[in-house]
Every structure is written in structure tokens, then in C-alpha cells.
Amino acid sequence: MKHLHRFFSSDASGGIILIIAAVLAMLMANSGFTSGWYHAFLETPVQLRVGALEINKNMLLWINDALMAVFFLLIGLEVKRELMQGSLASLRQAAFPVIAAIGGMIVPALLYLAFNYSDPITREGWAIPAATDIAFALGVLALLGSRVPLALKIFLMALAIIDDLGAIVIIALFYTSDLSMVSLGVAAFAIVLLAVLNLCDVRRTGVYILVGVVLWTAVLKSGVHATLAGVIVGFFIPLKEKHGRSPAKRLEHVLHPWVAYLILPLFAFANAGVSLQGVTLDGLTSILPLGIIAGLLIGKPLGISLFCWLALRLKLAKLPEGTRFQQIMAVGILCGIGFTMSIFIASLAFGSVDPALINWAKLGILIGSLLSAVIGYSWLRTRLSPVV
């Protein structure tokens, strides 16, 4: 029990469980004994009906649309806390990770387009390498233990949070179609109600969650991706402490283990099961997986390092205290771990086009993320001071 408690107390535990879930999915999807069970689980129909309202989806879509909304709720809470009280609370504090995140989204997307611009179908996946998996990246960093400067951890967390926020904006602007104005009207009313609750300083989290469920349903029916509802709810839950209690911080504390140890591993298990049947060298070196691998492995660190270097040269920002530029470059490599967020965007980009494209995209994401994790860990390990 002591070893189990120590494992779950470690910052690396969430990343390790994610890896186990992804490997298990790959094994089950490629085993003659378990592939049928694996796909049957994902295709299991789940229906929810309240009066005339009906939501009928398979298990995979419930995981991607409903459970991931809880993950985005946690992201919303984290972003709000960092903006109001944390590492993004002042312009000077926020400048360096914001500039790094912008470079880390623009350059990978451009590199992907350099490979895929000639194909109008695969071109739609330009945002896939722009994402960072915050749980995986922090998990790999945590494997280095106390050798990692606190400022470097905060920089990676702030960068990844801004990156996630950028991914949310990209999803809202570029991966949304067939809008229902009635449902959008209901969603707008729910958002106004959340704002009123916040202005009236209503501190019961359950009320916000109840309105959030209405918002999620309306957004789902509107054609906008339903996970965005989670972020919106997170922004409106009160952060300010009263009588020593903060509803936002308390909910963040409650949600964190559920997201780290259940929701993200379940998402990884449901989405990382890529069949290797029919995979050839020609396929792996085709423009789609190559563009993703190049975007994650080369574009991410190049964009982050280049934009950070320019920010320092132009005196727009300064290095986090106690860090060196080579360590920032190593963190840039770790940010190439796209995994869950990249897979999520790939499912939006190609979900209604061709399942084979999603398969090739996932392979590119898995290879690019794995290489980024190994190289980033190795490079950073050689550039950190040993523990005395």
C-alpha cells in the first residue's frame, strides 16, 4: 500500500497510466483474440433520453464528447487560476510562455502544411501538430524529479495551458460546421445565466454544473464541438476565496485525480488502438503521417525556441529565474508530445472523411509523440544539475 500511495502521489503517475492505456489499446486492437472485443466496446450504443430530448451515440463518441468536456472543464479552471493568480497574472509573467506557445502552434502547423498543402483533404489536419498533451509532457518532466527547477515546471505548465487554450480556439473556429441557431440560442442563454450566477457570487458549484449540463447539450446539438462547454463553465465558477474556500480551486482539486487517472487514460484507450494491419513503409512515409511527425518532432521545438530567442533578443520577455536557454529548448521538444489533444483534433479533422486517414494520423501522432518524449527527456537530463 505504501508503494501504491507513493506512485499516485508522484507527478509522473498520470503520464505512466496514460502510456499503459495507450499500449493496452494498441495490443488489443492488433490481437486476433481481443480486437473484436475492443471494437465492440467502442461501438456499444449508449442512449440518453429526457422527454423529447434524445442523445444517441456510441461509447467512443460519449468518451470524446462527454468525458473530454470534463477534461476541458479542468483546463478552464486551470487557465482562470493562472490568469488571475498564477504564472499568467501579469503581462511580464505571461509574456514568455505566451510567445513560446504562439511559436509552438504556428511553426508546426506551417511545417505540416509544407507536406500536405497539395492535398485538400489531408490539408484539413493542419492543427494536429499544434497541440500539446499537458499530462504527458508534465509526466515526462516529473520523471527527472527534484533536478528540475520549479521555474521550468511552471514555464512548461503555463506554455501547455496556453497551447490548450489555442487548441480550443482552433476547434471553435475551424472544426465546427452545420450550426443550429436554435441550439446556439439555448447555449447563449445558458452562458448568460452562468455570468449572472458569477456576478451574484453564487458559490454552490452544483448550480454551475447543472447549467453546464444544459450548455453542453445545447452546444452538442448546435454543431459546435461540445467540449467547449467545459471551458466556458470553468471560466465562470468563482475563484475568489471567501471564508477560506474557493469553489474553483476546490472543484479543480476534486476533478484532477478523476481526469488524470480515469478520463484521460480512458480517452487514450479508446483512441490509441490503431490497427497495424496493412501498414507499409510507403504508408508511413506518406505526406499525412510525415507531416504530423515533422510538425511535432521538429516544428514544436523549432517554433518555441525561435520565438523565445526572438523575445529575448527584442527584450520582450526574460528567461524564467534559474533556467537556461538550452533547458527551454529541451522543454520545446517535450511539447512535441501531442498525443491526446492531437488525436482529438485528428478525429475532428478526418472523422467524417475517411477512417483510414484517422488511422494514419494516429500513427504519425504516436511516433512523433514517442520520439519527442524520448529525445526531450534525454536532452533535458543532460542539461540539469545533478541532485546534491
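Even glycines carry a Cβ here, placed using N, Cα and C.
Copied over from Swiss-Prot, here are the features:
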TRANSMEM  14-34  transmembrane segment
TRANSMEM  59-79  transmembrane segment
TRANSMEM  95-115  transmembrane segment
TRANSMEM  125-145  transmembrane segment
TRANSMEM  154-174  transmembrane segment
TRANSMEM  179-199  transmembrane segment
TRANSMEM  219-239  transmembrane segment
TRANSMEM  254-274  transmembrane segment
TRANSMEM  287-307  transmembrane segment
TRANSMEM  328-348  transmembrane segment
TRANSMEM  356-376  transmembrane segment
Distant-in-sequence neighbours of the transmembrane segment (219-239), which means Cβ under 8 A and at least six residues beyond its ends: 55, 65-66, 68-81, 84-85, 168, 171-172, 175-180, 183-184, 187, 191, 194-195, 197-198, 201-203, 205, 208-209, 211-212, 246-249, 251, 348
Highest-contact recorded stretch vs the transmembrane segment (254-274), from 59-79, 95-115, 154-174, 179-199, CB pairs under 8 Å: 59-79
Long-range Cβ neighbours of the transmembrane segment (179-199) (under 8 Å; 6 or more residues past either end): 207-208, 211-212, 214-215, 218-219, 221-224, 229, 232-233, 236-238
Chain residues in Cβ proximity to the transmembrane segment (154-174) (below 8 Å; excluding those fewer than six residues from its ends, i.e. six or more beyond): 72, 75, 78-79, 82, 86-88, 94, 96-98, 100-102, 104-105, 127, 130-132, 134, 137-138, 141, 224-225, 227-228, 231, 304, 320, 323, 328, 331, 334-335, 341, 345, 348
Cβ contacts the transmembrane segment (287-307)/the transmembrane segment (356-376), at least three under 8 Å, sequence gap 6 or more: yes
Cβ contacts under 8 Å made by the transmembrane segment (328-348) with residues that lie 6+ beyond its boundaries: 18, 22, 64, 68, 100, 104, 125, 127-133, 135-137, 140-141, 152, 155-156, 159-160, 163-164, 167, 170-171, 175, 225, 264, 267-268, 271-272, 292, 296-297, 299-305, 308, 319, 358, 361-362, 365-366, 368-369, 371-373, 375-377, 379-380, 383
